[in-house]
Amino acid sequence: MSFPLFLDLPGLLAGRLLQAPANATSEVRHLLLDSRRVGLPVGAVFFALRGLSHDGHRYLPALYSQGVRLFIIEENTTLLNGLSAYSEAGIIEVASPLAALQTLAAVHREEFNGPVFGITGSNGKTTVKEWLAQLLSPDEDICRSPRSYNSQVGVPLSVWELNPERHTLGIFEAGISEVGEMERLAAIIQPTEGIFTTIGTAHDAGFTSAEQKLREKLRLFEGAHFQRLFYCADQPLVRTAVVSLGLPTFCWTRQPTQSADLRFTLVAASGDSTSLQAEYVATGLTATFSLPFADEPSIENGLHCLAVLLHRQVEPAEIQRRLARLHPVAMRLEMKLGRHDSYLLDDTYNNDLAGLALALNALARQSRPGRRTLILSDVLESGLTGEALYARVVGLLPAAGVSRVVGIGEEISRELCAKSANNEELSIEVESSEVNSACSIQVFPTTEAFLAQLNPADFVHETILIKGARRFGFERIVAALQAQQHGTVLEVNLDALSHNLQYYRRQLRPGTKLMVMVKAFAYGAGSYEVASLLEFQRADYLAVAYADEGIALREAGISLPIMVMNAAPDAFETLRRYRLEPEIYSFEMLDEYLATFDIPSELPAPKIHLKLDTGMRRLGFDEAELPTLAARLRQHTAHLPVASMMTHLAAADEPGHDDFTREQLAAFRRMTTVLEAALGHSVLKHVLNSAGILRFPEAHFDMVRLGIGLYGVDASNTSDPTALRPVSQLRTTISQIKTLPAGATVGYGRRGTAAATERRIATLAIGYADGYDRRFGNGAGTVLIHGQPAPLLGSVCMDMCMVDVTAIPQARAGDVALVFGDGLPLPELAGRIGTIAYELLTNVSERVKRVFVSE
Ligand SMILES: *Cc1c(COP(=O)(O)O)cnc(C)c1O
């Protein structure tokens, strides 16, 4: 991807160059608005925005000291400490840094030629965006707004992430609060397609009427290249406005008499699913779909997405398959062990009605016994009046078995008190023990008020859904209720995983199959969750090292074909039962396998994969054994279900051995030609691992075997360093802080010393039993605390280690320390102790809790 030069910005943004950067060829790579999120300073341009209570110009000295060198500031600003304090910086003055930010994003948008969806409406924007991205992710590489970045500032940041060389589709949401704002967002997003969700009737301060608000929102769709608006024709206000503007549309209805492109008719509804028949008027297609939820906002949001998929002519069976998986990754919901044997569902990022319904669904699916509690903030963005809104909220509770509600916020306090005073549906008996019949309610005006009286012992043996809009800061409640005994977590980002999968897919010729290696607990990331995502993303094959790993996947419901690389011969009967396909790498194994045909069975014999040794010298038939192997195949060709032939490269990632690699490829071609002739038919052939996929495109054959690349590590060092996203973050917490006098020693064998001056050290809750390598001890390793490096002091112990935090005075017990992930890339850490990223990933012990997130 090409980036503009900083020196080109004055022309693009109608600005004035106050000072050229010391590096005249500085490129604009990242847009930075927040001094706490610098990340990579190289190529970061800081836009000094001014808000009501905030002035970005105040942060220039801090940013400069963190290495940021490119700044856009407002005209006539007096710089703190004068220009000379920023001697290496490039500084441009503009009339409005916000307008400049928006213009730059709009210019960037023009480089992208693919389709771009713009989503607006009063409710459901974020949900529709997330769901659409999920549903289309098997077909497209999507750039979408992170979370609900839909404002004057969020939209330019989102659109800046579009990479014309990588993405095939953009999905951005736009939210406005006053007249004039949408025009600016439209100029940045420049949508080619759009979705209008719904219009709320609530009175909005920024508009004189609902009509005016609607008219403003529809401005998003007035650009010259706009092709199609997806909307629901059942809201008369919306239909009239859309029709009178003459926008090109694809509309749907749920009413029998309304004319529309697509008609949905309810077939059946149950507690947690809804099935509807869809009739596509133009093509005559009818099909029935089942949505995995029953609440009205979710159905509405789901139908918007369904309309897009039907219009794209995705096969109905395929649509259904994707719909069925919709909710598990629809929200950022984390499951955590709580104190006092409780279990927390942590969803503390946004809180609209649809999101609440989904989270309650997730709560309903928990099978743990005991009481269910909901800690809920004010529900935002609903478009309903308080009374109607909380009536809906209360209506959702019984199905999830909620028997205690803690409401936090002014509005929820008022409404829930009113309801319990009227004795509607609820009673206010605190500590009621009758599940489902009565629900106990407590309310607090603010999160602080709740925390002030919180006693974690009030929450015992229960499942607690903690659901709050971001501004309520519910992460503090989670921290108070979460079990503290072992603060180490491996966070696995499922979005990053999908992203990496798409990246490798794009390297393949159409039709090349993809096998994904999920051996060793999916490189430490968690086999079941990764396999389940791969099934959704339509990988063709999975591979594991041992039969047990395959059995665990089958028992968890994974149905993709699974190859087992090293099955013990006596496991063949088990393989048959679990539909697992062994690699056959020796004559002994082949004989054992053939012997299973003598055992009568209802089930077909498992397919096999022939492993050929072309130079790895690990497992497989040698070229010298080829004549014998060919003869054996000829003998049994009638009933040998050979699914594939494969070999493994010894040095796919090392250019110095490319000649050897080419010899391996030539040997593979020779051997497979002979074997296929012996079998009398051709089979799938595959050779390449992650590094090989990128380095030997001529040798993709019929299938490739993706491994570490999926987990975000480029073993070949050939791809653009931003092409892959890191998948795993290993984090732990500080258990205690100590001050060491000069000369004191730390830990076993007294190998750490506080040297000449007093040091502050932190004891971390991670040790070699968690997979944190002992070789990181004594300064070899570093963790990040508050974003700053803290070196290891002394030896790594079994369950703990110590780091020096003298330079991080704000570090406190309970703070998080990052062990690897963003800012601490695996290959670099591995290099420090003479190993490879593979080992660091697979060493993370199973006792470390995995948390799966999706944004
Ligand atoms: C592990 C493995 C792979 C994947 O290797 P990566 O380097 O992780 O991509 C491919 N093929 C075989 C036979 C393997 O054992």
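Our numbering is plain: 1 for the first residue shown, then up by one each step along the chain.
Note that Cβ sites are derived from N, Cα and C of the backbone, with glycine treated the same way.
Note that TrEMBL annotation is computational and uncurated.
Features of the protein shown, as given by TrEMBL:
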ACT_SITE  K519  active site, proton acceptor
MOD_RES   K519  N6-(pyridoxal phosphate)lysine
BINDING   R618, M798  substrate binding site
DOMAIN    727-853  domain 'Alanine racemase C-terminal'
ACT_SITE  Y748  active site, proton acceptor
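Positions of TrEMBL features highlighted on the structure.
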residue : record                       : CB count, 10 Å
K519    : active site, proton acceptor : 19
R618    : substrate binding site       : 10
Y748    : active site, proton acceptor : 12
M798    : substrate binding site       : 11
Checklist entry - CA-CA, which of the recorded positions R618, Y748, M798 lies nearest K519 (active site, proton acceptor)? => result R618
Next on the checklist: Measuring Cα to Cα, how many Å separate Y748 (active site, proton acceptor) from R618 (substrate binding site)?
Outcome noted: 40
Next on the checklist: With the Cβ atom as the reference point and anything under 6 Å counting, tell me which of the recorded positions (R618, Y748, M798) are near ligand 1.
Outcome noted: none
Checklist entry - With DSSP, how much of the domain 'Alanine racemase C-terminal' (727-853) is helix, how much strand and how much coil, in residues? => result 23 helix, 49 strand, 55 coil
Checklist outcome for this item: Averaging the pLDDT values of the domain 'Alanine racemase C-terminal' (727-853) gives 91
